[in-house]
Amino acid sequence: MIEDKNQSRTSLDQLGEFGLIDHLTQNFEINQKSTIKGIGDDAAVLDFKSKQIVVTTDLLVENVHFDLSYVPLKHLGYKAVVVNLSDVYAMNASATQITVSIAVSNRFPLEALEELYAGIETAAKVYNVDVVGGDTTSSTTGLIISVTAIGELEPEDIVYRSGAKQNDLIVVTGDIGAAYMGLQILEREKEVFKVNPQNQPDLDPYTYIIERQLRPEARKDIVELLKKMEVKPTSMIDISDGLSSEIMHICKQSDVGAEIYENKIPLDPQVISTCEEFKIDSTTIALNGGEDYELLMTISQEDFPKIKGNPNLTVIGYITEKARGMHLITRGEQAVPIIAKGWNAMKNEV
Ligand SMILES: [Mg+2]
């Protein structure tokens with residue numbers, strides 16, 4: 001499906017490790033005031049003055065977390081950064097620096113890594129984070145990428161998963177379920193391609209959901225919006241594994257229960273139509289599909305007038321006392337217990 005149009009192949013052995021790092025990071029800019037020293041010494045030096053620091057890290061492994069038969073390397077580099085920044089924003093922090101480490105086998109030429117780093121560089125620019133370090137090493141099989149993200153915030157702004165209170169509103173950003181359905185389309189086309197490589201798939205009806213899978217965005221804008229609206233969520237988490245498992249994290253750590261209304265869950269029309277095509281229930285996908293990188297938060301009812309009508313924020317339910325458990329209220333007004341399946345478990349079912 002994704003053709004390798006780049007025919008030139010420079011073997012990694014020609015550069016050596018230090019030459020490779022220099023080459024891949026030569027265009028990276030330093031823009032953050034807190035970066036005193038980036039790449040080029042034994043360690044980066046950062047100065048955050050009186051701010052608190054959040055640090056998060058993620059490891060992506062080829063054929064476990066991504067499939068290079070349909071994921072362009074540029075998109076992979078972009079996504080590897082975005083998924084980490086999403087965790088920084090979920091703490092209500094602003095992201096400032098990242099480090100990127102890769103292990104790569106010699107089946108990848110230099111040109112492939114240049115593509116990967118072009119995606120990393122684009123994400124660093126879009127989200128205004130400095131790439132301040134990293135490592136490259138060889139791997140015997142596939143590609144492994146590890147990104148660490150660093151962010152800063154005033155101590156009073158930090159939002160944990162544990163602060164949700166009874167009667168708080170449950171709010172989700174954007175729409176959910178699209179990344180998972182995008183993955184279903186890509187997997188299906190991969191199978192078609194295996195049988196008939198000449199087949200040119202018509203992906204037009206699926207552009208949004210494919211984009212959500214291949215090139216997700218992290219909700220930096222929401223952290224800024226909340227600040228502007230003077231709304232501090234009582235709890236927050238990013239949606240990487242699916243709405244149901246994320247709400248369970250919040251409920252467990254806040255010692256509360258929750259009710260979510262099926263008819264309030266924001267779905268894109270492409271998610272609905274693709275679910276119909278695959279004959280799967282769109283609510284199941286919204287609850288258990290992952291990788292949307294939207295934010296799930298709880299806010300005090302007092303803050304409702306401030307967020308009311310904002311197209312980025314949808315109230316989908318409210319927090320209850322713990323004893324009431326966690327339920328989805330269906331369109332038929334039935335209360336169904338919420339259980340976390342997570343998108344990995346679902347992979348085997350759909
Ligand atoms: Mg997270």
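Glycine residues also receive a Cβ, built from the backbone N, Cα and C atoms like all the rest.
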Of Asp87, Asp175, Asp303, the one that TrEMBL places in the same Mg(2+) 3 site as Asp42, Asp238 is Asp87
Excluding Thr57, Asp58, Asp135, please set out which residues of the same chain place their CB within 8 Å of the center of the CB atoms of the Mg(2+) 1 site, keeping sequence order. Leu59, Asn84, Thr99, Val100, Ser101, Ile145, Ser146, Val147, Thr148
Take the domain 'PurM-like N-terminal' (40-152) and average the pLDDT across it for me. 95
Quick one: of the binding-site residues Asp87, Asp135, Asp238, Ser240, flag those whose CB is under 6 Å from ligand 1, and say none if nothing qualifies. Asp87, Asp238, Ser240
For Arg161 (ATP binding site) and Asp42 (Mg(2+) 4 binding site), the CA-to-CA distance in whole Å is 35
Pairwise over Tyr117, Gly134, Asp135, Arg161, Ser240, annotated as binding ATP, what's the top Cα to Cα distance to the nearest Å? 33
Using Cα positions only, nearest of the binding-site residues to Asp87 (Mg(2+) 4 binding site) (His65, Gly134, Asp238, Ser240): Asp238
For His65 (substrate binding site), write down the residues of its own chain that are at least 6 apart in sequence and whose Cβ falls under 8 Å from its Cβ; none is a fine answer. none
